[in-house]
2 protein chains.
Amino acid sequence: MSNLIEPKILKGFRDFLPEQEIPRKVLMEKLEEVFRLYGFVPIDTPVLEYSEILLRKSNGETEKQVYRFQDNGGRDIALRFDLTVPFARFVAEHKEELAMPFKRYHMAKVWRGEKPQAGRYREFIQCDFDTVGTDSAAADFEILSVMKDSLNALGVSGVTIHLSHRGIFNRFLEKLGIREKSEDILRTVDKLGKTGEEEVLRLLSEITGKPNALEIMEYIKGKDSFEETLTLMEEKSGGESPDSVRLKEIYSMLKNSGIEDSFILDPSITRGLDYYTGIVYETFLNDLPGIGSVCSGGRYDNLTGLYMKERLPGVGSSIGLDRLIAGLEELKLIKKTGSFTKAAIFCQDTNLMCEYQKIAAELRKNGISTEVFPEEKKMGQQYTWAEKKGIPFGILLSGNSLSLKNLKTRDTKEGCSLEEVIKALKEQD
Amino acid sequence: MSNLIEPKILKGFRDFLPEQEIPRKVLMEKLEEVFRLYGFVPIDTPVLEYSEILLRKSNGETEKQVYRFQDNGGRDIALRFDLTVPFARFVAEHKEELAMPFKRYHMAKVWRGEKPQAGRYREFIQCDFDTVGTDSAAADFEILSVMKDSLNALGVSGVTIHLSHRGIFNRFLEKLGIREKSEDILRTVDKLGKTGEEEVLRLLSEITGKPNALEIMEYIKGKDSFEETLTLMEEKSGGESPDSVRLKEIYSMLKNSGIEDSFILDPSITRGLDYYTGIVYETFLNDLPGIGSVCSGGRYDNLTGLYMKERLPGVGSSIGLDRLIAGLEELKLIKKTGSFTKAAIFCQDTNLMCEYQKIAAELRKNGISTEVFPEEKKMGQQYTWAEKKGIPFGILLSGNSLSLKNLKTRDTKEGCSLEEVIKALKEQD
């Protein structure tokens, strides 16, 4: 049998067994429910696109990571490496068909040929939601509110969303006369969480000189309260501006909705990317800040610049699904289960299979997920199967009555009617 | 601006706008609900696999259609072209971790570089469900029952599932002494629906000679009832066999569950593929038989032969999602909608945005999908936006009371409290 192929997957890729895929799906379904309550709608785009579309704006680092090849027709194509570029292409291509403001969510796989390492995969799901076609405080607030509600829906109560504004930061750099170095500065400030103050100060000094670096450090450290920090930001950036007014409007909506305690105005948040122009934010689990931001994003003023003349502003956010799931697992907020089945009907006599199937059909009609063990195997084997799948209840048919067995406690109720079994199972959460 | 890139997708690929993606998602969610009720669990596998894994068993035709390339590490990889081969690899790789019998569903994209034509795409979603690790009549019946329930869940009442058995057909060919030509014969019989009896007879005569061809025609035409056809099949294949007993067992379970009227024993069903060894089936919409089978599959006795010595039997089915959706659209069974939103809160005064957001939050708490128009634009523009999205209700805030407007009929209830609005919206399905 040297002819057998070893069944193996590519490095950096993953199979999801039911005990991983069910929690992931359940989590995504909860997120979708929140998105839909806010009126976000799903779209889908092809996994493969012209390389020209995907890579035009990317830097060399991205390009090296992309799965790119020629198709049989000689076209230069690639697998998408994020959902933002395809969304920009989508909006430009279909702008006449979309009702603006347009709010979409997209949860789908993307691919990057990164060096595989702990928590980094070459195939992973991104979860993006954006509102485009409006530059309004209401849309900014709404994205923040969706973020908070999404994490609540997953059972996470303690989250802190760190918020800042790229426009104010740019005004501040302008005032210092170092606006042209903003990209390097942003990239450096973005490292604060990882490398610490001292190192950031050292790096900033190299870029801007020590006095400017000290100014920047003071700016990004902020103050104790939202209001005080906002005042500091205004002072350092030349006074009140449309950008700082925007932050005030957002803050008043947060207060009005009673969720302001979950938000911190944190001027050190910059989101390295050049792309953002308005508010920017990152989200941390209070009990696990160390894993980094689980949901980040910001406002941009020109999503579709590569494809059309008209500027299209928007605001969006992206949930880091793998990181979030890892965090929720550590916090024991994910119910580990490899099955949806609530009741297993055991098979003690194949001649009764029609009866077993009838009982199963009745349970399913009542919304109870039910499986029939399909063969007359030893009961020990059937119990092992149910246990391995984590099925909570077992049903045995004896004569005209049923026994309902709690497979964890082994408690058994004998002599039940079908109605009694259905009632008992429905009463279990 | 000659620098702009034309936003366009690859030929044979599709964007899904909300009005296409929402119905597709809703449909998939309904299918998943049925799968879960039966205890089928989701898994996921990588989109990219070693070409060796994907292509070993394929014929030249498949190979030509596959998106295959070298990754940056020089590995020969490809995009999956179906979900069956990855499932076989998955089961072989993880067999120790899976509780057998193992029932999985997988709805995911696959890619084939086919010549694009009406209804044929290079990227499409397959929807497979299989039970492996058991060769039992109960598992066969269950798959058929899931198929029937799935289509019912989508609102399709009239479906006919055409059923046959490859094992009996093989016995029949054996008896005629033409078993070694079975592949060509199967392929020809499979064309019956498309080319008609006369052409099939002509082709069969070429393969087996006229007398055998006439025998085959008699066999595949069957009789009026399930029982009579089964008797014919037994007679022509040398009498009762484990295969014909299996069909009887399945039929008695179908009768027992009261769904036998949706099933026809149709010996012309062969499912061209070599792969199947037991029952085979195709499903037709009674009101649209012409679109072909929307759900097909069968039993196989060795899923994982390429990867391991142990034989693993199974039975499975695949829903042709694109074809099914096209059919349901034609039958007006798909609710066309580009939005989940039930209520739009119009913005007449930006200063009241906090109030609007508060109302929206209350509606959402009550499970009502709600959007706030984020800017103070002309009412006409806001109505157009709501209409384009198909939002059924509009809410206006005037003083301390609300107006609830049915955006279709233009009926307006004025002077409502928030509670009244919530009650009224909840009463609408």
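The backbone N, Cα and C atoms fix where each Cβ goes, and this holds for glycine too.
Remember, TrEMBL labels are computer predictions, not curated facts.
What you see is a predicted model, and the numbers here were worked out from it, not measured in a lab.
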Which of A:R68, A:R112, A:R246 shares the L-histidine site with A:D82, A:L83, A:T84, A:Q126, A:D130, A:R271, A:Y275, A:Y276 per TrEMBL?
A:R112
Are there any residues in the same chain, six or more apart in sequence, whose C-beta is under 8 angstroms from the C-beta of A:Q126 (L-histidine binding site), and if so which?
A:D82, A:L83, A:H106, A:M107, A:A108, A:K109, A:V110, A:S318, A:L321
Can you tell me the three-state DSSP label for A:T84 (L-histidine binding site)?
helix
Binding-site residues listed as A:D82, A:T84, A:R271, A:Y276, least Cβ neighbours within 10 Å
A:D82
